[in-house]
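Visitor: Quick one: the structure is below, and I'll ask about it shortly.
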Amino acid sequence: MTALHIIKGAFEGMNGTRLSIENYRAVTDRPMEVDLSFSDDGGDDEKNDDQMYRVPSTPRYSESSFKQFIKHPTYVPGREDRVFVVILVSLTFLVQMFSRDIWVPLFGPALTAFPAWSQTSLALIPFWNTFTGVLLMIPASIGINKYGMKTSLLCSCAVTTCGTAIRCLPFFEESMFAVHASAVFLSIGSIIAKPLTVTISTCCFRIGERNMATGILTIATMMGSAAGLLVTIELREPSFFVPMTNVQWKIIIEYIMYGCFTANIICTLLVMVFFPQESSSSELSYSVNRQQLLPSKSFMTNASFDNVGLLYIALSYALSNAFSWPWYQMIDVTYSSMDFPQSIGVDCRFWMIVHTCSLTLSACWFADQFTGSNKLIGLTCLLLGSVCTLWFVSVMRRIRRNLDLMMHLIVAVLFAFPLSWSANSLLYELAADHAHPFPENVAVSLVESLRIILESCLYVLLAIFPELHIDWLHVFTLVAGLMGFIFLLLLKEIPCNR
């Protein structure tokens, strides 16, 4: 029996979990690749102060085949270094998402400031987020595993900076092609957020810390959108009650564009200078590096359907987000159809993001305090979200006859969707735990891709049947949330050995 068969047999029952030191030594005589600047003991963090900090390399795989995904040991950096990585990456994600999604809150003012732009063309900008997400998210995950976290993040920052630079060109205000070219760059640059989040959680944090790390990085992407909404809220302050002219709106938007470009340059420089170095990929043989390329489509498809646990998590995540997020995006139209004041929609969207961030941090803190409770806490969040959604649906059915229920509707919305979304970080970690035979970030990318596809199908359906938005979308959201709860309930828990 060859050494390859011994390794394969030793790991087939390990569910893709990270290889321990003892198991590694038991099945192979290869010298273990250890970065001595890391400590596996939190009490030894002080010993690393005088040594150059290097983050552990991204997950590496065995020489047998891409299908095995046997991970080599990685070592956890010191506490201060872990916190620094999360802060730096969170800041980068926030700036990227603010730059990408700024046209959503500035849709009306942009049409006022730039008469050459068409409403239909500007409304199609979010389409690039969907297209690039489905097409490039999984290759981006493979790229992270092959080239490392720092290189991948630098590429993301560079692409995003190019997208914001296009907005600063003189002909930008006259060319819708430039607007969409900028949107393509920004969409490509931002697809790394989800896979890099779980990669950092896996490589840089221990059990009992990963949920909070994932939660912080997740809400950083949401706060980018909230920052754009905050800009529009500030523009409604008393000094702006007088309607602004086209020139005034143009000046404000140009300042925002220049600010986005400057912020992205700063983030790129910060990542280049301060993001810790990773272990060199030259430590691996050429054959190992070759086998970290993208696997065949047939393997990806078969493995996705064979992994029932990951399939349940993907369906739960997709159903709990794919219907509620479009309702959130179209909340202004919904409230306008009910004769609500126009400002209520923007305020409600902003506070929904704030509630989601606070609930996400709370859920992740409890999940870290009680190891192995991700499923239970996730079920609790989804159940409470479904209860509030039921309240919201019942109010929607009666509000046309009784406008006094407006406050009940707003309160129900402020809790229904944030409670469901607060489970997202927990579902990411569950997907990483059930990732075998995929790397953790590829598993999360598959989950996110399913959500994007389902959400896109819903948008197409709403475009064909516009009446579904006001009359039935809230009902679909309730049913989808309950189905997401059921799929998560069916998930069989496994020990977290990542």
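Each Cβ is built from the backbone N, Cα and C atoms, and glycine gets one as well.
All annotation found in TrEMBL is predicted automatically rather than curated by experts.
Per TrEMBL, the features are:
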- 83-103: transmembrane segment (TRANSMEM)
- 123-144: transmembrane segment (TRANSMEM)
- 151-172: transmembrane segment (TRANSMEM)
- 178-200: transmembrane segment (TRANSMEM)
- 212-235: transmembrane segment (TRANSMEM)
- 255-275: transmembrane segment (TRANSMEM)
- 309-328: transmembrane segment (TRANSMEM)
- 376-393: transmembrane segment (TRANSMEM)
- 405-423: transmembrane segment (TRANSMEM)
- 472-491: transmembrane segment (TRANSMEM)
Visitor: Hey, which of 123-144, 151-172, 178-200, 309-328, 472-491 has the most Cβ-Cβ pairs under 8 Å against the transmembrane segment (255-275)?
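Guide: Looking only at 123-144, 151-172, 178-200, 309-328, 472-491, the most contacts with the transmembrane segment (255-275) come from 151-172.
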Visitor: Let me check one thing: do the transmembrane segment (212-235) and the transmembrane segment (83-103) come into contact, meaning three or more Cβ pairs under 8 Å with sequence separation of at least 6?
Guide: yes
Visitor: At a Cβ cut-off of 8 Å, and with pairs 6 or more apart in sequence only, do we get at least 3 pairs between the transmembrane segment (151-172) and the transmembrane segment (83-103), yes or no?
Guide: yes
Visitor: Spell out yes or no: are there three or more C-beta pairs under 8 angstroms between the transmembrane segment (472-491) and the transmembrane segment (309-328), with each pair 6 or more apart in sequence?
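Guide: Contact between the transmembrane segment (309-328) and the transmembrane segment (472-491): present, because at least 3 Cβ pairs are under 8 Å.
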Visitor: So which residues does the transmembrane segment (123-144) touch in its own chain, when a touch means Cβ under 8 Å and the partner is 6 or more beyond its ends?
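Guide: For the transmembrane segment (123-144), the list is 58, 100, 103-104, 107, 152, 155, 179-180, 183-184, 186-188, 190-192, 194-196, 199, 292-294, 300, 439, 441-442, 444-446, 448-449, 452-453, 455-456.
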